[in-house]
Ligand SMILES: NC(=O)C1=CN([C@@H]2O[C@H](COP(=O)(O)OP(=O)(O)OC[C@H]3O[C@@H](n4cnc5c(N)ncnc54)[C@H](O)[C@@H]3O)[C@@H](O)[C@H]2O)C=CC1
Ligand SMILES: O=C(O)[C@@H]1CCC=N1
């Protein structure tokens, strides 16, 4: 695995240091990237960046090892024409929707990797999917994997065509899970629990079930069955939740389809 300290000589430029950019940056600094090697471009930078010794909106290195783009897709038309890198800089973008072809128009000589992380990256528990363009060889993909591994797991995609589905599932997915916590808590309240208690139970249940799902590395259907006593409470609840017409499966199908479609629109 590539060591991020290997970037300290030529440096890394981060364009956009909001929620995702700063989560990545924290991971990189923990993995040995020197603050002095980081150059952030952001019109609204977080104040703590300069205190860390990071260059903010200053002069950029002529030939950085990596250029990471973490601005909103809607900003891309404004941002890309202001950036220029050559063939020896790896471009990594985490933006939803925007295609490799769009980055190739801006950086025709560069190896380019699209990465799709998610917000648990902020605590090192993210999952990112990566896909590179034709100029991104084994070394570049390994470097991109090292960058994204700093904030969690990494999977490599077989084709860019998978990226909108990935974005809809794992990129946006934390929001669905957070909403499930909200919905479970609201339902607990409706059954008479005090709001704080309902929220604490919902949050701890989702966290515990998530941890168990990963820890056991078992089919989630088996884990579900282990909760479900015949004729018991869970079976009664699941009868509603798993209803093929009105339950979670068709709802999740529509949810992920809508998110994937939005990704395709953002890429146009
Ligand atoms: N938030 C999430 O869950 C995820 C976000 N992403 C992608 O990450 C990217 C950033 O999203 P967030 O961090 O959530 O947004 P954000 O709004 O928190 O951060 C965007 C940052 O870009 C900066 N910015 C705006 N215009 C700029 C410009 N012209 N030059 C440089 N910086 C500029 C803003 O000041 C802000 O700090 C998006 O493309 C999004 O699709 C990907 C995966 C998950
Ligand atoms: O909502 C969005 O567009 C971004 C991409 C995945 C998560 N947040």
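Each residue, glycine too, has its Cβ placed from N, Cα and C.
TrEMBL does not curate its annotations; it predicts them automatically.
Feature annotations, courtesy of TrEMBL:
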BINDING   57  NADPH binding site
BINDING   70, 71, 72, 73  NADP(+) binding site
DOMAIN    14-97  domain 'Pyrroline-5-carboxylate reductase catalytic N-terminal'
DOMAIN    160-266  domain 'Pyrroline-5-carboxylate reductase dimerisation'
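Cα of residue 70 (NADP(+) binding site) to Cα of residue 57 (NADPH binding site): a span of 15 Å.
For the NADP(+) site, the Cβ centre of 70, 71, 72, 73 serves as reference, and the other residues of the chain with Cβ at most 8 Å from it are 16, 18, 69, 74, 75, 76, 79, 94, 95. A distance of 18 Å separates the Cα atom of residue 72 (NADP(+) binding site) from that of the residue listed as 'NADPH binding site'. With respect to their backbone Cα atoms, residue 71 (NADP(+) binding site) and residue 57 (NADPH binding site) stand 15 Å from each other. For ligand 1, the neighbouring binding-site residues among 57, 70, 71, 73 are 70, 71, 73, by Cβ distance under 6 Å.
Distance between Cα atoms for residue 73 (NADP(+) binding site) and the residue listed as 'NADPH binding site': 20 Å, as a whole number. For residue 57 (NADPH binding site), the same-chain residues that are 6 or more apart in sequence and have a Cβ closer than 8 Å to its Cβ are 40, 41, 42, 43, 45.
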